[in-house]
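Novice: Would you mind keeping the following structure in view while I ask a few things?
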Amino acid sequence: MYVVREGLRQILRHPTASLATFFTALVSFALLYFLGLLLWNLERVVDALGQELEVAAFLAREADVERVLSTIQDWPEVASVRLQTKEEALAQLVLDYPYLAEAKDLVENPLPDTLRLKLKDPEAVRQVAERLRHLPGVEGVEYGGELTERLVQVLAGSRLAMGVLVGLLLLNTFFSVMGSIRLSVESRKEALGIMLLVGATRRFIQGPFVAEGILLTLSAGVLAVAAGVGLYRTLARAAQSLLPFLPVLNAQDLARTGLLVLLLALLLGAGGAYMASRAHLREE
Amino acid sequence: MIAFHRVSLEYPRTRTKALYNVSLEIKKGEFVYVVGHSGAGKSTLLSLILRRLVPTQGAVYFAGQNLKNLRGDQVAYHRRKIGMVFQDHRLLSDMTVEENLAFVLQVQGVPRKEWPERIALALRRVGLTHKKRAFPEELSVGEAQRVAIARALLLDPPVILADEPTGNLDPANAMAVLEILKGAHSRGATVVVATHSRELLEAYPARTVVLKAGQVVRDEGPEGGGSIRVKERP
Ligand SMILES: Nc1ncnc2c1ncn2[C@@H]1O[C@H](COP(=O)(O)OP(=O)(O)OP(=O)(O)O)[C@@H](O)[C@H]1O
Ligand SMILES: [Mg+2]
């Protein structure tokens, strides 16, 4: 096919620039893919931890339990609320510590009624706890999951850092593609001028450049995804042998994100080439 | 076939008024010379027909179509109806004669199996079959000019525009080039030749449009008789 053959020939005509673009694209896509996988995985871990995360609100003796309950149920962050009466709490306690069984009859039950909340989003835990604390009838709030909270912060931070880093790299790739294509256009200037004058369609003129851009970024994308899958698999296996309960991404997840990266590669290659070759269509 | 309707053209960057209020009609199958001093606007006129330029004022019609209204690839398809011979032959230096011709066929999407026959015919018409494997720099100026003409005639376009096709040629070579253009004309093509050359006009008298500083000052019929004087504008 003319377009692909011509695109390939152009790549070989200035190998240094082509390699520069190829490696820029490779690094960008590899980082995007691999870091993306790690973050996604981390998100899964946090999700799993979040499922366990529970906020406990201890109620005052005179509290209007029904009212507090219905108020909390209306909060959008809350997935579920369960009332644990002090009797249940005591029974649980006795179950956990059998030697208390005798003591429980001697004194009045000292435990408060407790509301146990599960959240939709673990990120909201601090905020919800704070709001709970100010609710009339609530005497104290407790939540576990310091680790989860820390992880959530790390996750948000890394997501931002990765977004910036990868965004810059992709921009770099885009301009690198444009630079390569500019070179091709420059080296074919004479021929392009004649093509225009003897009636070449825009597709005929731009096709080879777009093919060149796609060949460069897509080949880099394929390699990046292959490397990313290899590396991730190795890491995941090692991690799981240490912590078997750790959730990891399955082959389908890897394939789906890989395809996304390839699609992005295609768009960057084609887009950069299209932009770079378009200006030259307007007459020499 | 080709009509100029009160066409003015100003090159925007230098603000040069290259053509002023030119009206002109060229019929299908005509052979027309466009003459005038250097800078009179001959190349500009041909560029308007090829639609490398769009008039600043007025309109150029090609087969009834206002060229200004062509969009996108319509320009490409318009240019395929025209065989253009450039003042500086414009052959690609890294391709042989044969490849230069094949290039145009490829650009215009002619099936590959038709190429050898078309190229052979075009080279036979200009008498350069034996040079098909030469690169442009291995050709004499006259030969290069003939290859450029072969390229323009390659697909028998209905219109041939030749800009100074005999510019740097000795009389014998100039006559050879003229013969080729006459051949195309006799096969029915509309031919417009921009030239300084008196010899051409004498060897093959035809309608002659005289440009002076961007205006048509004379438009003479084929035999020199029936000369039409176009009123000059201040
Ligand atoms: N691309 C351009 N930009 C600005 N001015 C131009 C351009 N091309 C031509 N001109 C000017 O337009 C006028 C007409 O030029 P044109 O090339 O049409 O003349 P010509 O009759 O073909 O001359 P010659 O016989 O030397 O080829 C000249 O004054 C020239 O300087
Ligand atoms: Mg000229």
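Note that Cβ sites are derived from N, Cα and C of the backbone, with glycine treated the same way.
Sharing the features that TrEMBL gives for it:
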- A:54-141: domain 'FtsX extracellular' (DOMAIN)
- A:164-279: domain 'ABC3 transporter permease C-terminal' (DOMAIN)
- A:20-40: transmembrane segment (TRANSMEM)
- A:160-181: transmembrane segment (TRANSMEM)
- A:209-234: transmembrane segment (TRANSMEM)
- A:254-276: transmembrane segment (TRANSMEM)
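Context for these features, please: burial, neighbours, distances.
Specialist: In terms of DSSP helix, strand and coil, the domain 'FtsX extracellular' (A:54-141) has 39 helix, 23 strand, 26 coil.
Residues of the domain 'ABC3 transporter permease C-terminal' (A:164-279) grouped by DSSP class, helix first, strand second and coil last, total 103 helix, 0 strand, 13 coil.
Cβ atoms under 8 Å from those of the transmembrane segment (A:160-181) belong to residues 14, 17-18, 20-21, 24-25, 27-29, 31-32, 35-36, 39, 209, 212-213, 216-217, 264, 268-269, 271-273, 275-277 of the same chain, restricted to positions at least 6 beyond its ends.
Distant neighbours of the transmembrane segment (A:209-234): 3-4, 6-8, 10-11, 18, 21-23, 25-26, 28-30, 32-34, 37-38, 173, 177, 180-181, 184-185, 249, 254, 258, 261-262, 264-266, 268-274, 276-277; these residues of the same chain sit at least 6 beyond its ends, with a Cβ under 8 Å from one of its Cβ atoms.
Outside the transmembrane segment (A:254-276), and at least 6 residues removed from its termini, the chain residues within Cβ reach (under 8 Å) are 25, 29, 32-33, 36-37, 40, 170, 173-179, 181-182, 185, 206, 209-218, 220-222, 224-225, 228-229, 232.
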